[in-house]
Amino acid sequence: MRRKEKRLLQAVALVLAALVLLPNVGLWALYRERQPDGTPGGSGAAVAPAAGQGSHSRQKKTFFLGDGQKLKDWHDKEAIRRDAQRVGNGEQGRPYPMTDAERVDQAYRENGFNIYVSDKISLNRSLPDIRHPNCNSKRYLETLPNTSIIIPFHNEGWSSLLRTVHSVLNRSPPELVAEIVLVDDFSDREHLKKPLEDYMALFPSVRILRTKKREGLIRTRMLGASVATGDVITFLDSHCEANVNWLPPLLDRIARNRKTIVCPMIDVIDHDDFRYETQAGDAMRGAFDWEMYYKRIPIPPELQKADPSDPFESPVMAGGLFAVDRKWFWELGGYDPGLEIWGGEQYEISFKVWMCGGRMEDIPCSRVGHIYRKYVPYKVPAGVSLARNLKRVAEVWMDEYAEYIYQRRPEYRHLSAGDVAVQKKLRSSLNCKSFKWFMTKIAWDLPKFYPPVEPPAAAWGEIRNVGTGLCADTKHGALGSPLRLEGCVRGRGEAAWNNMQVFTFTWREDIRPGDPQHTKKFCFDAISHTSPVTLYDCHSMKGNQLWKYRKDKTLYHPVSGSCMDCSESDHRIFMNTCNPSSLTQQWLFEHTNSTVLEKFNRN
């Protein structure tokens, strides 16, 4: 080869190499080279970068789908590394070490969670990455729609609201966030007025809207959605923390199918010490019982994916945290404007999207923490009823299945739902399917856990101890209270059953206070072979709440391998090593169904 040609080839090779190796530096915001926020344990306010400012750590590898669509890794590896190095109060989602002085009721009174603790944790605190390990290697579409993030609030705590905003800014690719819209539902706390305006002026992507009167959560969300400019609307609550790479997995599913509503996995931020952890059972399908309480049920084997980090269908959303294509949201009519304050809206939007041509998914690789309040700290305006909202949803969407609700809540039957003609017309114009279709094709696994027609109970009435002649009694105990042994009121000839001594051994193989038609929502629960028997929220998942009533009259607890026993001297009811000859371990139900009991024991 001649020298001139050789030099030319070398020059071309150098140019090509330079093009390959040239860093792809995007206009990414600095993660948190921040000014101090004045809170212990962390750096402060997120600050918008100067134009053109970027980070070499944001460089991404690009992959390709078979149809030519580009995929890329959206993780901010440098930000993740910095988060891993953070130490201080609440960092890595660890519990704040509370003192007795910080546990006082005053700390919870205004917000329903401990605002003293919240104020001592950095607004930019780090969170544990509790996603499935497969999420680390997932790639999403390189070109994704942007989103308006709508955060409604009413008298929210300062640090909890700001931490919500900071977590979104810190853990979202800036080009995917069209705006963050804070919608103030007529708050009257001073820190949410000019101080909030001044603080949020630091962030060009954040704006604040304010209602002129108390509208409630539902209509406040609608106000935010009405001014949104993003391709997608993402709703969050005002006391959340977005976790690592939470946004691209949501937007990717909508980019592939605009009629998909997507929900992040909702983790729990403890209302006392702000520890961050998964919900019990983690990935589960959203459901409801026939009193319209939200429930979670296991993913059935038929729907389980080979990769547990893949999205999965869910019949019903939890409510406050989801993303939806903006145009699709309005094609569906948004929320029913006749729904008041809050409650029932998650059912309305869930039924609507499934029955009217869309779908809904939970996204395991998108996680957002949420503070579940100890109690609701504000009053619902006079005349507003959650029951009315539920009746309205039932009348518009549930067809003949509404009757199952009215059977359990007879007070709903004659309650006015207001004028639903417009909503029924919307349903007709969208050519929506029937609720029977929804129950048959989408929520087909729900009746296994919450059947419309309650199967017969195995036993009910008083539970009398053979050895002592005394009865199990709740003593009007609150959740978590131990069951007690007391004199049997039926034996004293009282005219009516004492509600504290009436129990039902249900078809779920749990034992609940109340007669078969009116059972309560808490169950006999035991955690070990020596523990007291306590009343705990019924979860319908067996486990600690599974009981067997055997032919020898013992109440056997399979998880602990022990039997329910009692002590007459101190009125305790507790678990003990099974001894069929012990009369204090033998119990008599007032009424039994031998067919059901035989089935239980056979299983």
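Here the Cβ of each residue, glycine as well, is placed from N, Cα and C on the backbone.
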Among Cys563, Cys566, cysteine joined to Cys578 by disulfide in Swiss-Prot: Cys563
According to Swiss-Prot, which candidate in His75, His370, His414, His476 joins Asp237, His239 at the Mn(2+) site: His370
Cys135: disulphide-linked cysteine among Cys356, Cys365, Cys432, Cys471 [source: Swiss-Prot]: Cys365
Of the residue ranges 25-36, 265-276, 373-384, the one that Swiss-Prot records as region 'Flexible loop': 373-384
Fewest other Cβ within 10 angstroms of its own Cβ, chosen from the binding-site residues Glu156, Asp185: Asp185
Residue counts (helix, strand, coil, in that order) that DSSP gives for the domain 'Ricin B-type lectin' (458-590): 12 helix, 49 strand, 72 coil
Fewest-neighbour residue among binding-site residues, criterion Cβ within 10 Å, set His154, Arg214, Arg373: Arg373
